[in-house]
Structure formats: structure tokens, C-alpha cells
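Annotated features in TrEMBL:
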type	residues	note
ACT_SITE	77	active site, charge relay system
ACT_SITE	152	active site, charge relay system
ACT_SITE	176	active site, acyl-ester intermediate
DOMAIN	22-464	domain 'Amidase'
Ligand code: GLN
């Protein structure tokens, strides 16, 4: 059962080959026996899951299902507030926090009658590229348990790759859906900024954060987007436009599609096996009717420095609310208010989060604002201009998702700057608010290689379509980690 994609599971539920209760119990049993090796879940909500499954079975039996996804179990990144469930963002600060309301994304999945198996592990407050920055311990990559699954949505990626959930939600501020999808052989979409509500999503860098699906195929991701996306009056950056149907155009032909290859992404530093996998993908696209041309994104090298000013600046503001007064961790026996703030925050936040708060506060301080924050904002505009120019000539951009395949746990954690370099191919997309999808396109020494397709704003359906057509022509997305074959 766990070999099946979301699309296949929907079919099984509709044919009554399996009930939602049976399916849910099957995944709960797998989590119980296998997740101790992967550490992909922070909280498993077994009772609630079975309750939701029972309700879904009733809807399915009465022909009252509200969505094709009714009865399907999913896992949600522990950054989405879930009413009555611990929502920790993988921080000690929120280890005792039971959310009193649902994020819009959770609410929408509830309304669609899906089942939530639990909340997945992540880098603390979504800061990281390896899932080593979690209060609940590192997550292991099911393809090789000594390697990282990527981050920050590493728990979601590992859960899906280990077949401990058919699909999951993630969030992407600088690559956190796409890079773990690449490292774990999955398909992950970072939607256009504003397409999916951020309401109830614990904020990291609000102008960059965006939630999206992490699944085994583009088709599965499209089905999830049909539930997740849409205008939400509770999110002031949500975009008011007609609801896209992400599934409708999946099968559209690619004849005449113009694909751009950004020359800055293909330097000598790119791993040669990744370059070869991308080359092969290009040939596949050509055989599907696409034409390829070079494009240039000259600001690429400035995107990391700009992001690592803007994101920490916003984070330092967003994380001010964790003060030991309102909710979350509070230090013991504070001597006075200052002591309460200081010790609460020193104890509650991990090292990387503290580093970001320091960098962000510094960059926003009166004397340095012009030198750092304002400069970074200017670069952000130039990054966007680069993409605007590229999209005058091409429909989509094809590039690697990450400069390497999954690296070893501990390999980069001692050097934050080396870790930040991981995001070189993903971060520009967030700065520009664009959609991008990562999908598997090869393997190197038994580890998945991911490529990414980047589109102009609101081309999310087009990206899913281009990814789906590729997946119909290739079988990289069908490769499964040996770990997932157990049980
Ligand atoms: N690795 C990036 C960071 O640490 C991106 C994380 C993310 O997308 N949430 O900020």
C-alpha cells in the first residue's frame, strides 16, 4: 500500500479497495516501526488521525467526499499551527506550545477530509539546509541514513521518501522545499509568493516564506495545490485572483515550450554528475518538443549575501514575540524582566537561530541599515529584474536544485557560510517571489539528483505540467530508497 502515490491511493479509496482507516493504520504502524531510524516526525497524532479517517470513511461511503483527497493521510511540517496539537517549529522555545487555532493550510486540508498523521521534523524555525538544527535531533536521509535529508523541510522529505506518509507539506523561504525534495528523490513545489496562505505558519522571513507540497510526483503535488492554494483574507500578502486548477493542464503538450538555461548556474564548480543529469533532462525536454536557449542571471552571485541579510533581518523582528511572557518556554525563577527575556531566549533558541537574530538585529540597527539592509533590498530588485528579462525570452528556466547530492551529517555544520552556499541555486527564486519545482532527474552513487524548473509569477500550473510530462517520459521519480521497501 505504501508504494502507491497519492493519485493511486485516491483510486484505491474510491474503488473501496482500502478504507481510510486501514490506510491510516498502515502508515501509523510503519511510523511506529521505522521512524526511529529516520526521525522524520516530531509528533505523531495517531488518535486524531484515526478519528479523521473514520469521518472520511463515512463521507466516502455516503458519496459526500468534498475533495479527491478525502481520506488520504498526509504529514505536515511542524511549522503549521494545528489546533490542539503541539506546534514547535522544532524549537525548545515552543516545545510546550499547543496551538489554539489552525493555519489556513491545515484548515483547508481538514475541510478536504484529509487525515493528518502528525507533524514533521525541520530545522528550528526553518533556518537551515540540512535538518541538523532541530531541537528534536537531526533527520536522516532514507537513501543513506548517514546523510542529511536537506532542510529545512527535511522531516517532510524523509517521511515521504521512507514511505511514512504518501505526501507532506513543507515551506520554502530560500529552498526548504526544493533542496530536501532533491536530496530525497521527491517532487516539491515552491509556489508563487502569495498563492498559498501564510496565516498560522510560524513566520521566519515573511516576505520570502511560502508553503507548498512535497510529493512523489508532479501530479500528486498538483492535487495538493488544488487544496492548499487560494486567496485568504487572513493573510495580507495573499493574492486575490481566480482559483487555478493545478490538475487541469497537467497533460498539455510541451511543443514550442522555450526553456532557458542560466549560464551562471553551470560553472566549473557544478558537480559533473549533476551537470550530466541536467544535460540528459534537457535532451528529454527537446524530445518533448521544447527548445533550449541560454539565459543570463548576472545577479546570481549576490543572491546569497542579500538573502542572508534580508532573511535574518525579518527573522529578528518575527522572533521578538518569543519573550517568555506570552507563550512557549520561560526560564525558571527570573530575577527581573530583563533576566526573564535574556535567559528565556538564551535557553529557548538554538545556536543558528541566535546567530540569525544577531545578524538581523545588527543589519537593521541605525548605523548599519543603509550599508546592509538597504543594499540587500536593492540587490533583491536587481535579482527580480534579471528574471524579468529572462522571461521576456523564455517560458521556463531549467537549472540544478542544489550544487551537490545529500551530504554527510556533520559535514557542513561547523561552518555556517559553507552551509549557506548550499542555497546558491534556490534563493534567487524566493527573493523574486517566483514559483519553482524540484524533481528527480538522475542518481549519483545511489543518491538522487534534483533539477528545478523556475517560472514567472503564477506559472505554477505550467511548472507542474512541464514536470509531469517529464515524469511520463522518464522513471527517476519512481526510484525508491531501499529503506522504504521494508515492511
Ligand atoms: N537554507 C535557507 C536558510 O537557512 C533556507 C531555509 C528555508 O527555505 N526555510 O535560511
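Even glycines carry a Cβ here, placed using N, Cα and C.
Everything TrEMBL records as a feature, shown here on the structure.
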| residue | record | DSSP class |
| --- | --- | --- |
| 77 | active site, charge relay system | strand |
| 152 | active site, charge relay system | coil |
| 176 | active site, acyl-ester intermediate | coil |
Roughly how many Å separate the Cα of residue 152 (active site, charge relay system) from that of residue 176 (active site, acyl-ester intermediate), to the nearest whole number?
5
Give me the Cα-Cα distance between residue 176 (active site, acyl-ester intermediate) and residue 77 (active site, charge relay system), rounded to a whole Å.
11
Long-range neighbours only, meaning 6 or more apart in sequence with Cβ under 8 Å: which ones does residue 77 (active site, charge relay system) have?
119, 120, 122, 153, 155, 156, 168, 169, 170, 171, 211
Run through the Cβ atoms and count how many others sit within 10 Å of the one on residue 152 (active site, charge relay system).
35
Measure the Cβ-based neighbour count of residue 176 (active site, acyl-ester intermediate), defined as the other Cβ atoms within 10 Å of its Cβ.
37
Looking only at the domain 'Amidase' (22-464), what is the model's average confidence as pLDDT?
97
